[in-house]
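Chemist: So TrEMBL lists the following for this protein:
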- 115-135: transmembrane segment (TRANSMEM)
- 155-174: transmembrane segment (TRANSMEM)
- 186-204: transmembrane segment (TRANSMEM)
- 232-243: compositional bias 'Basic residues' (COMPBIAS)
- 232-305: region 'Disordered' (REGION)
- 265-279: compositional bias 'Polar residues' (COMPBIAS)
- 296-305: compositional bias 'Polar residues' (COMPBIAS)
- 319-341: transmembrane segment (TRANSMEM)
- 353-375: transmembrane segment (TRANSMEM)
- 387-413: transmembrane segment (TRANSMEM)
- 425-446: transmembrane segment (TRANSMEM)
- 458-482: transmembrane segment (TRANSMEM)
Amino acid sequence: MSFMTLTSSVLRRLLHTRRPGDTNTSESVDHAVAYQPNTAPLLRRLLDVFWRTFDLGFTAFGGPPVHFQIFHQRFVDGRGKTPWIDEQTYQELFALSQALPGPASTKMLFNIAHIHAGIIPAMFAFFLWSFPGAVAMYGLSLAVEKIGETLPGPVYAVLSGVNAATVGIIALAAMQLARKAITDPLTRLLVVFGGCCGLCYNALWYLPVLLVFAGQVTMIWDMTGQRLQVKWRNRRRSRRRSARPPLEEQITEPEEGLPMGGMEQPSSRNSITSGSLRRQTAPPLAQGTTDEDAQRTTPVARTQPSRIDISAHNVPIKVGLSVITAFFTVFAVFMVLRGVLGHPPLLLKLCNNMILAGTIIFGGGPVVIPLLRDYVVAPGWVSPRDFLLGLAVIQAMPGPNFNFAVYLGALVLVGPKADKSLPTIIGSLLSFLSIFSPGLLLSIGFQSVWRTLRKRRAVLSVLRGVNAAAVGFVFTAVYRLWEIGFLTAEETTGISLGEEPWWLVIAAVTLTFVEWFSTPPPVAILMGGVAGIGWWGAVGRHLHA
């Protein structure tokens, strides 16, 4: 028996989830407890969360777009284990995670674990999720302190291959998320709208405005637009029927004395008349609808509130509002200190910048990168070379992209503006807590409000539009990584992967293998790195000879 099988068996016994018919290598889904919150004692809930999330921090490559798809497969589909939430709850949490500032995929996992097992297991899940990548990025910061200005050529080739494979995985995740977000022609248009607008412009205020606009569009459409469309269709149908001649005039009577056998059979020219007869003999439709409407499921029917009870670990609305108020009060205090103090300590400035980044960033990792560059490179705390090296590595790391702050926090304390008297671990821990705390605290606060409002039709309509536009932003992330994914010793800022056809081949092959051959994303990322080494041996080293 392997170690993983033994561990699985022991944990199932501790959690009392083993049932008749289970084997030592698989778990059967208990449909009686599917989608139900875990209300067992705290230790069992912690073990439950550990068993379902301990590997994510090591295997969830590809950034937020891929993370969302992994969470759906694990916690909605179940994949042989008990699902935690249903599809409607997942879509609502996805929209909520995009609408609040902070790391989107981290908030998503935190909220799912909170609904299923409570706030303490959710914090435990956050630790399991973020800790492996944070440790790796801190280790990278220690290594960067001792390396030269440039890296060996094969290292750049590996990073470029990993970036190309990541582009393929993110593109696939965008396609899969779009299939679930698109429920009607309007949401299809909003996905395209979000993607195109995200490509054309990028600013801190821009993405939240697009999300609000998309939510307003779907709410107006669901509240008034659909009724107007039905009335317009009924009026048009009435005009068509009134313009038709009476049925008796459309049927030509046979001439007197003509044998019935000599009558010409109905041809394709009479198919419209035959269709009219069929329509008249069809069962009557409900009042106020048409046959076209009867064949179509309206978006409102697909956005009905979830019937799954998720109130077992609910945060009281007064507590939630208190958390939101306390957070913004502390945020205001830090911002005031930043402006009042003439020469604040470096640690306070670092903490301020990371809190500000975690509070005003919407859209997660792909948006935080350019902002952090302004906050640590522009003041001269970290060199551009070190920043770009960390950026290339974080794209290939599992877990949240906000772990990039751990790397930057360590380098700030050994940078040109630091006195180098403090250990770098202090800068890493401070940056980690400062950038993650705003999103998690606001998630706790707004969950109480969301659980109260989620049964209202207008709220569901708004979330439907926010969800569709947010999926469009995922397609934007594909383009942005594509444009900076190719790294060389001469172009450490990154250039387009389209400069070398081999990277397009890697991206296409990665998408194909993950989608149609069920290749795990970590394996696909590793294959991309190996393919990058192959490119260096065949082509790259001759270009730099």
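Every residue, even glycine, has its Cβ placed from backbone N, Cα and C.
How about a rundown of where these features are and what they're close to?
Modeler: Beyond the transmembrane segment (155-174), the same-chain residues lying 6 or more positions past its ends with a Cβ under 8 Å from any Cβ of the stretch are 61-63, 65-66, 68-69, 392-393, 395-396, 471, 474-475, 477-478, 481-482, 485-489, 497, 500, 503-504, 506-511, 514-515, 521, 524-525, 527-533, 535-536, 540.
For the transmembrane segment (387-413), the list of distant contacts is 56-61, 63-64, 67, 102-103, 105-106, 129-130, 132-134, 136-138, 140-142, 144-145, 151, 159, 162-163, 166, 346, 350, 354, 357-358, 364-366, 368-369, 372-373, 376-377, 381, 420, 422-432, 434-436, 481, 485, 487, 492-494, 522, 525, 529: same-chain residues at least six beyond its ends, Cβ to Cβ under 8 Å.
Same-chain neighbours of the transmembrane segment (458-482): 63-65, 91-92, 94-96, 98-99, 163, 166-167, 170-171, 173-174, 177-178, 181-183, 187-188, 190-199, 207, 210-211, 213-219, 221-223, 299-300, 303-305, 363, 366, 395, 496-498, 507, counting only residues six or more beyond its ends whose CB sits under 8 Å from a CB of the stretch.
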Chemist: Grab the same-chain neighbours of the transmembrane segment (186-204) for me: Cβ-Cβ under 8 Å, and only residues 6 or more beyond its ends, written as numbers and ranges.
Modeler: 178, 210, 214, 217-218, 221, 299, 360-362, 367, 370-371, 464-465, 467-476, 479
Chemist: Which sequence-distant residues neighbour the transmembrane segment (425-446)? Criterion: at least 6 residues beyond either end, Cβ under 8 Å.
Modeler: 96-97, 100-103, 106-107, 110-111, 114, 119, 126, 130, 134, 138, 141, 315, 320-324, 327, 331, 347, 350-351, 354-355, 357-359, 368, 402-403, 405-413
Chemist: Using a Cβ cut-off of under 8 Å, list the residues of the same chain at least 6 residues beyond the transmembrane segment (115-135) that approach it.
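Modeler: Beyond its ends, the transmembrane segment (115-135) has Cβ neighbours at 37-38, 42, 45-46, 48-50, 53-54, 56-58, 60, 75, 84-85, 89, 93, 106, 109, 310, 313, 315, 397-400, 402-403, 406, 428, 432, 436, 440, 444.
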Chemist: Within the compositional bias 'Basic residues' (232-243), count helix residues (DSSP H, G, I), strand residues (E, B) and coil residues, in that order.
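Modeler: Secondary-structure composition of the compositional bias 'Basic residues' (232-243): 12 helix, 0 strand, 0 coil.
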